[in-house]
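**Q** Got a structure for you, written out below as structure tokens; questions coming shortly.
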């Protein structure tokens, strides 16, 4: 793109000179051609004088930030030089100049003033923490920018919130994007910000710390507020009085809080402790550094303990011993229980317990009377032959309380009884029967001889049922055989 300026109405003389010189241009061209031909024929040395007699205009020059056409050569009378500017610049002066003869006969440029190129657009300004929206700005245009988050636009002239592009390519009232300014740092402390950072966006929080031996006076944290000022003034680091070395303790030592303790500054806490086997004389084991002095100010002592506590290793061994003893005891108890159970099982196998009478009639059974085993009849034998062996006289004696059998019957003869009278022999025989019955009752639970107390006038059915009970509840027992065995010698 080329920018130029058309000649104004005041250049009438220039136009008149152009019109006068137009017919002479071919003549001048012919003269130059003729001169070059003569130079070729006779040599340049012989024509030097003639070349010097030729008149030309001086070089008009090339404007800065622009260019000219033609860019070089010899400018004879009637020559024209045209000027142009680069992008972003505009031409100040004539766009073309003519080489003409003045009234005194010399050649010169008309107009005589040199043309220059001046900046046409304002360059994009470099503003930190900002975004420039337009890329080109011409004369009179307004700058449009947006600040980054946390920063706000500020103009030098608070009454004029506009920045315009001047005709000379510069800006007036150029703004900046500003945050909170860099706060001051204490000489005895430091702050967690970069040394190169000069502005901080809204919401930034910075922290202050003091060197050892100094105390922070003020807020340790500062925040950049919406009005672009800090939440409080920067704190100071004040020197503190340092406490001397804590008192030494025999058979003990101390630790400080917080660790490590390079210097015992104000607020440092020291905790005392004793070696193993020793204990403090006082329950209070802390002292605090306050303004260069330890508080409370007392001497700490460690004395030998009367009771020595086992070490961790010994305590661990004791614990394992208890656990092992308990486990061994439990295992032994379980083993004894298992052995007892096995022994009980084997014992039952060799000595089976007495139970109810066997249901099978073929299994033999016996009783021991005075050390002599007596085989008992089976149940079937006792039922079928028991009553027939006793005879009718015995059934009557059972109903009448064991009297002597009747005269027409032949009862079995009892040893030791020679007469058949109903005298003392009767009671002895009944007692013998009673004794045998008691023995049988203890083994097989037969009915007692209380049935003999019933009178003879009772119902015969009761007597018959009693006899059946004796026979049924005493299987395999022969009453006639048992009574002589139980009878004592007179």
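The backbone N, Cα and C atoms fix where each Cβ goes, glycine too.
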**Q** Could you tell me which of the ranges 278-298, 299-319, 320-340, 341-361 is annotated in Swiss-Prot as transmembrane segment?
**A** 320-340
**Q** Could you check which of 1-21, 22-42 is flagged in Swiss-Prot as region 'Disordered'?
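**A** My reading of Swiss-Prot: the region 'Disordered' range is 1-21.
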**Q** With Cβ-Cβ distances below 8 Å as the criterion, list the same-chain residues six or more beyond the ends of the transmembrane segment (320-340) that contact it, or say none.
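**A** For the transmembrane segment (320-340), the list is empty: none.
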**Q** I'd like to confirm something. Which of the disulfide-bonded residues, 177, 180, 243, has a Cα closest to the Cα of residue 122 (disulfide bond)?
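**A** Nearest by Cα distance to residue 122 (disulfide bond): 177.
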**Q** Compared by Cα position, which of the disulfide-bonded residues 147, 165, 180, 237 is the closest one to residue 85 (disulfide bond)?
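**A** Given the candidates 147, 165, 180, 237, the nearest one is 165.
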**Q** Sort the disulfide-bonded residues 180, 237, 243, 274, 302 by C-alpha distance from residue 57 (disulfide bond) and give me just the closest.
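**A** Smallest Cα separation from residue 57 (disulfide bond) among 180, 237, 243, 274, 302: 180.
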**Q** Given the disulfide-bonded residues 147, 180, 210, 224, 237, find the one whose Cα is closest in space to the Cα of residue 274 (disulfide bond).
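**A** Nearest in space to residue 274 (disulfide bond), counting only the disulfide-bonded residues, is 210.
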**Q** Using C-alpha positions only, work out which of the disulfide-bonded residues 99, 147, 165, 289, 302 is nearest to residue 180 (disulfide bond).
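**A** Closest candidate to residue 180 (disulfide bond), judged by Cα separation, is 147.
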**Q** If one looks at the chain holding residue 117 (disulfide bond), which residues at least 6 apart in sequence have a CB under 8 angstroms from its CB?
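**A** Result: 63, 64, 65, 66, 85, 86, 89, 90, 91, 92.
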